[in-house]
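All remarks here apply to the structure that follows.
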Amino acid sequence: MIAALITLGILALIFGAILGYSAIRFKVEADPLVEQIDAILPQTQCGQCGYPGCKPYAEAIANGDEINKCPPGGEATIRHLADLMGVEAKPLDGAHGTEDVKKVAYIREAECIGCTKCIQACPVDAIIGASKQMHTVIIDECTGCDLCVAPCPVDCIDMIPVKETPTNWQWKLGKNAGGTVGDINIKELT
Amino acid sequence: MGVSAPNSHLVPDWDSVFAQLNKGQMTDFPGGVHPPQAKALSNTTPIATPNLPDVLYIPIKQHSGVVGTISVSIGDQVKKGQALTFSSHPFSVPVHASTSGTITDIMEHPSAHASGLPETTIVLTPDGKDTWDLLPVIEDYKTASAMVLLERISDAGISGLGGAGFPTYIKTNTQKSVECIIINGIECEPYISSDDRIMREHALQIKQGIDILCHITQAKRVIVAVEDNKPEAYKALAEACGDDERMLMASVPTKYPAGGEKQLIQVLTGCEVPNGGLPIDLGILMYNVGTCFAIADAVLYGKALTQRVVTLTGQALTKPQNVWALLGTPIAHLLEHAGYKPDQQKRQKVIMGGPMMGFTVLNDTVPVVKITNCLLVPAQDELPDIDDEKPCIRCGVCADACPAGLLPQQLYWYSKAKELDKAQDYHIHDCIECGACAYVCPSEIPLVQYYRQTKAAIRQEADDKAKSDKAKERFEARQARLLADKKAREEKHRKAAEARKAAMENKGNDAKDKIAAALARAKAKRAAAAKAAQDNQQDDAN
């Protein structure tokens, strides 16, 4: 009886020590799920989901919030989130905005007064300029989040759709084949 | 044709491959179709040279890769063969003035692409003299180093003339050892006969190009493959290559798409190019016959790539034929040359490329570019004009036709459902877009269009992912910077406050000292005054 108690006690101590050591040795810094969700989100930091950035929304999703609140990500992001979270994909929640064509910010430079307000608003440092100097957008870095438009006191920022070129052109299906341009229909020649 | 067991993913054993080819034994590739050839329409007359067009539209991007910077400005006089762009980027080759004349504009012009979207284009008005600006001729290429020859191939703007437009010098400048060069004279797509004609008429110069490639790559073997429906071309090339021991002529059975790079390698060697790999992984480099001709032009004659053979064909033309078209020639000029009859068509429609892989062009000002091998102008009932997709009946005929051994039906479902991951699992990127599946589909589903769309979506998604990763990095860097700034500011404020406090304390001490000093001074004064009074009293007493 006593031997059994001692044995079990020793075993409990050993396993406890192993567990305790593992907890320190293999400590996970952040919630990996949040990181995974964050990696799927489009990182525009636009706040259209109602959270102050992509990471906070990722945390909210990990805690059970809806996955359909991200208009810049659109259908593709919802599909990936649904895969990751193991839930049904659902259509984008219209209350948070609609999926739009890709855009980038453009500053009408002649009208810019150099107030730096947009520079402070840009979450990805895509606007260069200095106080009382003209500002401009680095188009390659702009995520099209819209956050610089509201702070501009002279309304000199436009959101311009990304230009369609032969490189980023999407093949269109169906009717245009019977129309004027694009692919030809292939069929066994009889 | 003997069919040997496919030894996939293995490097070919060249001695046995050559022994088998000498016996006429080749491997078959899976699938494939036999559409009506319709080549006799255009391949009976010699390659003609049309008049100079009134204007040339030269797009600055005619190869796959990076665009160069324009090195001329409006109003400049240029000579034929003069480079119009330059770039130090390795994935870029220049474009050249196709004739002598004046640069009259640099503008956005409809592209020779399925989208027809405008691209930056240099507009050249010919002066009619056609004066060359030749590169220095490398007469004895055998004494020239590979680097010099590669540089020439690059400077002459040569990119693959077979279809993909990959810069030739990049392909040739490989670090791996080249066992065998395959010259692709298959031209399997119906209607097209530009390679056929160039082989018949310029076999000797093609041979010169092959010799130059052999010298650069030090390849020991060459297979010249011609489809067996082109006996004249085969004969011409066999005569040109006749006494060269490295060369082997192969007459490949006609089947579409035998001219596909991977399919041809499978037919000739029995080996498959591994998934995601390149022919060079098997020690093979493949060149189109037109590319070989252009290489000889560039090295031995100093001519940059300014023209190519284009097949003008279709029953809506009175004189279907092959022509030497200057790059940048608007297709309207060539159609006029070939006697275009608009009344033969229900609505005007010109296909750039062949009936299987081509696309309809936006309008008749679209220019001929380096990869334009054919202009097909079908009469009203010549090609089916359908837009009547019916539901898939899961007959599986497409899978039998696929030359890449894919499952077109599965790819179709995944494309339709936008399941990009699944489509990739089913190797959509191995699809060569040959159109064999769509050709046999009884439901007339434009399968290739679905795959192209899915491929574009996959590319787009990868781009978006790269962009969002970059945005995240920048966002986090910004957050870190703002935090650091805030901390630095707080630290500064704290230090300033400390300094003020210290200063205050110091000031306090000063004041006390001053008061003490003042008191001491007053005390001393008083003492002095008292002493003086005492002295006076003593003086008075004396």
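The backbone N, Cα and C atoms fix where each Cβ goes, and this holds for glycine too.
Curation does not apply to TrEMBL; its annotations are automatic.
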| remark: TrEMBL feature region 'Disordered', matched against B:25-51, B:79-105, B:484-510, maps to B:484-510
| message | Based on TrEMBL, name the residue from B:Cys271, B:Cys292, B:Cys434, B:Cys441 that is recorded for the same [4Fe-4S] cluster 1 site as B:Cys392, B:Cys395, B:Cys398. | response | B:Cys441
| said: Within the region 'Disordered' (B:484-510), count helix residues (DSSP H, G, I), strand residues (E, B) and coil residues, in that order. | reply: 27 helix, 0 strand, 0 coil
| task | List the other residues in this chain whose Cβ sits within 8 Å of the Cβ centroid of the [4Fe-4S] cluster 2 site residues B:Cys402, B:Cys431, B:Cys434, B:Cys437, in sequence order. | result | B:Gly31, B:Cys398, B:Ala401, B:Pro403, B:Ala404, B:Leu406, B:Pro408, B:Ile432, B:Glu433, B:Gly435, B:Ala436, B:Leu447, B:Val448, B:Tyr451
| request: Can you tell which of B:Cys392, B:Cys395, B:Cys398, B:Cys402, B:Cys434 has the least company, meaning the fewest other C-beta atoms within 10 angstroms of its C-beta, among these binding-site residues? | output: B:Cys395
| remark: For B:Cys402 ([4Fe-4S] cluster 2 binding site), the closest of the binding-site residues by C-alpha position, picking from B:Cys392, B:Cys395, B:Cys441, is B:Cys441
| task | Would you mind reading off the Cα separation of B:Cys434 ([4Fe-4S] cluster 2 binding site) from B:Cys398 ([4Fe-4S] cluster 1 binding site), to the nearest angstrom? | result | 12
| request: Would you kindly list the residues that approach the domain '4Fe-4S ferredoxin-type' (B:422-451) from elsewhere in its chain, counting only those six or more residues past its ends and only Cβ-Cβ distances under 8 Å? | output: 31-33, 35, 256-257, 260, 262-263, 275-276, 356-357, 386, 388-393, 395, 397-404, 406-408, 410-412, 414-416, 458
